[in-house]
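> Annotation source TrEMBL lists region 'Disordered' at 1-33, 524-545. Taken from TrEMBL, the feature compositional bias 'Polar residues' covers 1-26, 535-545. Residues or ranges marked as transmembrane segment in TrEMBL: 45-64, 76-98, 110-129, 157-175, 187-208, 279-300, 334-359, 379-398, 418-435, 447-470, 482-502. According to TrEMBL, the domain 'Amino acid permease/ SLC12A' annotation covers 47-511.
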Amino acid sequence: MSQHESSGYHSSTLPNTESNPESNPGNAKAEHETQISTYGALKPYQLTVIAIGGSINTGLMIAFGNALSRSGPASILISHTFVGLIVFLVLCALGEVASSSSEPSTVPSHAVQFCGPSLGFTLGWIYWLKYMVVIPNQLTAGTMLVKFWRDLRSGETAAYITIFLAIIIGVNYKFSRLLSRFEFFLSSFKVIVVVGLIILSLVLVLGGGPDHQRKGFRYWKRPGAFANVDNKTAMGIIYAVFRAVPSTTFSYLGTELLGMSLLHTQSPRKAAARAVKQTFYRILAFNVLFVTLLGMAIPYDEDSLALTKDNPKSAASAFVVAVQLAHISTVPHILNAFILVFVLSAASRALCMATRILYELSLDKNAPSFLSHTDNKGVPVYALGVCSVSASLTYLNISNAPGILWTYFVNMVTMFNTLTWTSILIVHIAFVRACKIHHIDGLPFKAPFGVIGSSIALVCCLLMPIMRGIELSEPNSTNPNIGAIVTSFLGIPLYFSLVLGYKAVAKKKMPPIKAYPWANPNTQSVHDTAPGGTEQINNPPTQENTPWQDRAIPVWLI
């Protein structure tokens, strides 16, 4: 699903489907197409801020601390660089496919066109499952953050979960049309906070804190750069890096959606290269800079980092721990409150995404038809209701340690994320093959490394579950964690069950590529037209025709 779907249910167009409007009670598809695109009303600089802000998630805010305690700073830095390069290749692949489409399409619709309906069906449900796990994952993180202030009993935990659910459900129902605007302002605030945290971390590392200790790379020497291993053992270092991969992959959650947000507004073909490059540079810079500075500011053996049953202070994020170690008062509580707001925002957006995906699955006749029913506000109430009920998985916190449950959710989301990236790369390889068959050249945007880059990234994605398996079978670990094993690999049988199940039930075959209708990349996209069908003239921005907001933002930010 495209990023523009994450900030409101209303959009001007749908991906290509075979659904018949006449068979849909209420003619949901026709009604859907007549509504105004929420994201289309936003300016490019606003979309850029949303993309950057959306990339800052609990993978950095909370997952980093647990990963640091298990892997060490060097392992996390290596893992973030490795996964970041994979993400870049995935973004390039998706950018080439999405920018060449004659009309706005989602990733599942691209999969249908180039790989067959079974993969499109599977991707739609995998996306939905991923965001349905993200919701309890984020809300679990919320209860962990509350524990920084007070210990919660079972009844209090249930009360906080109920409050969090009521907030995100209410926002998605009552303020769905304003979600994109709200997301812009919240993302702006998030970026400001994170830039401030980077500066603060740099000051602390250089000895500017109240303790006046210039830490530098002190903690890389003692306790060490790699956690829980003998630094001289090659296999021990490999195990340490592998332990960091799940949290690292989680920190890049949804990157392929955020990076493509510009492709679904004005002139997506011209915005493709810009969207790919900007998103990659911003996210990689944030992630790599974050993990480097925090790895310098916090020793991996700090007790408050590990998410264990016996650690009551494990709710604190790595940023809060870094400030506490510098003996700065009050600021940890402010940071914890900010992060709690960010977590609730991420949960709300995940609920919006899950609702939208289920709604479109229904329109495509890949889910029960009643899920496409909308009320007079245009909100798919039944889809929202189903997703809200499914989000009650968060109540598992009452009888389980939140940190352990949160780790299980991270394992599941990580696998769904990996399967999504794998599918995007497969679609890109099939797309390039189709271009060769049709002798199409001069595409608006080409992945800089072409099929070779996608193939390398595909191999890396296929290796990631193997890395996880090797890490779980580490010789030093005793009593294998069955929960970790199940949650880490559950996505794989689900993925293949959806593919094979669709083939068995629907019995639809993909037409030969030569018989498929092809959008001429030299023709103008519907996205390159202004409202009303007139041609959109894209003049180079000047001081006269550029809004003051655009001129006020430094060039490197947009």
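Glycine residues also receive a Cβ, built from the backbone N, Cα and C atoms like all the rest.
All TrEMBL annotations are machine predictions without curation.
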> Test of understanding: applying the rule of at least three C-beta pairs under 8 Å (pairs 6 or more apart in sequence), is the transmembrane segment (110-129) touching the transmembrane segment (279-300)?
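No, the transmembrane segment (279-300) does not contact the transmembrane segment (110-129).
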> Rank 110-129, 157-175, 187-208, 418-435 by Cβ pairs under 8 Å to the transmembrane segment (482-502) and hand me the top one.
110-129
> Any chance the transmembrane segment (76-98) and the transmembrane segment (418-435) are in contact, meaning at least three CB pairs closer than 8 A with a sequence separation of 6+?
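Yes, the transmembrane segment (76-98) contacts the transmembrane segment (418-435).
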